[in-house]
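Participant: Before I ask anything, let me first share the structure, which is written out below as structure tokens.
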């Protein structure tokens, strides 16, 4: 049976990938963001959902979002970045620079619900990952409220933003994405996910690490970067 990770297990799996298996952060981020773009393309084709608002947070989840935006652009989408608190580290600065050089538009103000409905077909939620602890910081309140109130479909990267990593929704107004892309392995909160599509991405887990944590990951078909759970 597929294992759902608690918060400490998710953190430890990541640490082992870095320390024991010598993956770099940017290496895993590239593979994770690429798999997110592939999952989005399977569920929301570019000819109908081409205008994508990609909301990025300050940590690794936001980095995954920056990578995802770049690959969506290469797949024929028109992503627009909302990145309210850029991380002042070379990795994130480079990812943001790559998006800029890919001619991906960036906005500095979070759009209203009405403006988002007019300008976009889909929202990518790459705000907070499995290290998130509430409450939401002031910088991110407007975009979390947009995610809670919009009628647009939402694709969440690893954890729906604002959810508890293990318990899921903390209150009734928390958003419910249409697509959840669990990375490496699903987290416990995914058991509470009621949206239409749940995908697994991040095809990089070494066999010994899978065995140690009894992840029981499904086999990815062929050369796929993601699979539907």
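Every residue gets a Cβ built from N, Cα and C, even glycine.
Okay, these came from Swiss-Prot:
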BINDING   60, 61, 62, 63, 64, 129, 130, 131, 132, 133, 134, 135, 158  (6S)-NADPHX binding site
BINDING   61, 125, 161  K(+) binding site
DOMAIN    10-217  domain 'YjeF N-terminal'
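Help me picture where these features are in the structure shown.
Facilitator: Under the three-state DSSP scheme, residue 132 ((6S)-NADPHX binding site) falls in the coil class.
Taking Cβ-Cβ distances under 8 Å and a sequence separation of 6 or more, the neighbours of residue 125 (K(+) binding site) in its chain are 55, 147, 154, 155, 156, 157, 160, 161, 175, 177.
Note on the domain 'YjeF N-terminal' (10-217): mean pLDDT across this stretch is 95.
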Participant: Taking the Cβ of residue 132 ((6S)-NADPHX binding site) as the reference point, list residues of the same chain whose Cβ is under 8 angstroms away and which are at least six residues distant in sequence.
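Facilitator: 159, 161, 165 - these are the non-local Cβ neighbours of residue 132 ((6S)-NADPHX binding site), listed in sequence order.
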Participant: Output the one of 62, 134 that, of all these binding-site residues, has the highest number of other Cβ atoms within 10 Å of its Cβ.
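Facilitator: In terms of Cβ crowding, the pick is 62.
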